[in-house]
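Peer 1: As annotated by Swiss-Prot, zinc finger applies to 54-130, 132-196, 197-240. Marked as Zn(2+) 1 binding site by Swiss-Prot on the basis of sequence analysis: Cys61, His63, Cys81, Cys84. If you look up Swiss-Prot, you'll see Cys112, Cys115, Cys125, Cys128 marked as Zn(2+) 3 binding site. What Swiss-Prot lists as Zn(2+) 5 binding site is Cys154, Cys157, His170, Cys177, and the listing cites sequence analysis. Annotation comment: Swiss-Prot describes Cys171, Cys174, His186, Cys188 as Zn(2+) 6 binding site, evidence class sequence analysis.
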Amino acid sequence: MGAMDVQLESTAVQHGQAKINVEEHALVSLLSDEKYATEKTEDVDPDDYEKLEEGIMQYGCAHYRRRCRIRAPCCNEIFDCRHCHNETKNSIKIDAVKRHELPRHEVQQVICSLCGTEQEVRQVCISCGVCMGKYFCEVCKLFDDDVSKQQYHCNGCGICRIGGKENFFHCSKCGCCYSIVLKNSHACVEGAMHHDCPICFEYLFESTNDVSVLPCGHTIHVKCLREMEEHCQFACPLCSKSVCDMSKAWERLDEELATISDTCDNKMVRILCNDCGATSEVQFHLIAHKCQKCKSYNTRQI
């Protein structure tokens, strides 16, 4: 199946195996974005700058590098971040009745990791003056010192994303951000990301794993698409359309079927093509049936 592997890889790039890592990230950088420079002066004193930078990349958790912790509005407990809360409070080890997730936009209080002062959500600690997150989103209540992620806030999605705003666009019909390479080529599916992955059932819109947009417009985790490939599954789990260019595979199947004698010359069946939607009446074959319109073997009897 080497040829199919190459085809799937090529299609994944063409159809936006863009990183749609949809976790909330930065709207504002106090230290670099002049548009939001309400808390800095024209000439920053070297001592003040040194204070802002104190402890950068030294605090945080497995999910974020940040210099604060959050108080969860739902259970009033303190966690390093929203994910840390959800991993603890939404675990299978917790009573199902008590499981819950933290509503990111409702966080009101943060605790400075350097001085321990609890305060309302803000970028600079009111007590010690340290910047608690080089990138800060007041809407998503997100703090992150790792600016290499190229965080940006999408008003359409209502959350922040990573990868650089210039590399993505928001599709109003699909209801999510896609790679700019898909702007004029993707198939729109209403609410394409607002559902669970058809393989692992994780909610795609808030998933921290990479998501791929299939030619049919449906979405799936990249890792799940790879697992499908490993098991020789090349049809969308939702609509059954081919997930990549299968023309070479169909040509090979033509050659193989030509060597197999057919003992049902007089039997005809009607088929529906999963790729183009056309119906055909073709000679019955034990192995596969070919669409008379698009020549695909991705068909079913009707």
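Just so you know, glycine gets a Cβ as well, placed from its N, Cα and C.
Looking at the shown structure, what environment does each listed feature sit in?
Peer 2: The number of other Cβ atoms within 10 Å of the Cβ belonging to Cys61 (Zn(2+) 1 binding site), over all protein chains shown, comes to 14.
Its Cβ placed at the centre, Cys112 (Zn(2+) 3 binding site) has 22 other Cβ atoms within 10 Å.
Non-local neighbourhood of His170 (Zn(2+) 5 binding site): Cys154, Gly156, Cys157, Cys176, Cys177, each in the same chain, at least six residues away, with C-beta under 8 Å from its C-beta. According to DSSP, His170 (Zn(2+) 5 binding site) sits within a strand segment.
Under the DSSP three-state reduction, His186 (Zn(2+) 6 binding site) is assigned to coil, being neither helix nor strand.
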Peer 1: By DSSP, how many residues in the zinc finger (197-240) are helix, how many strand, and how many coil?
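Peer 2: So the zinc finger (197-240) is made up of 9 helix, 8 strand, 27 coil.
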Peer 1: Tell me, how many other CB atoms lie within 10 A of the CB of His63 (Zn(2+) 1 binding site), whichever protein chain they belong to?
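Peer 2: I get 15 for this one.
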Peer 1: For Cys84 (Zn(2+) 1 binding site), name the DSSP secondary structure in the helix/strand/coil scheme.
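Peer 2: Reduced to three states, the DSSP call for Cys84 (Zn(2+) 1 binding site) is helix.
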Peer 1: So which other residues, same chain and not among Cys171, Cys174, His186, Cys188, have a Cβ within 8 Å of the centroid of the Cβ atoms at the Zn(2+) 6 site?
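Peer 2: Sorted by sequence, the hits are Lys173, Cys176, Tyr178, Leu182, Ala187, Val189, Ala192, Val213, Gly217.
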Peer 1: Taking 10 A as the limit, how many CB atoms besides its own sit near the CB of Cys157 (Zn(2+) 5 binding site)?
Peer 2: 17
Peer 1: Measuring Cα to Cα, how far is Cys112 (Zn(2+) 3 binding site) from Cys84 (Zn(2+) 1 binding site) in Å?
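Peer 2: Distance (Cα to Cα, whole Å): 17 Å.
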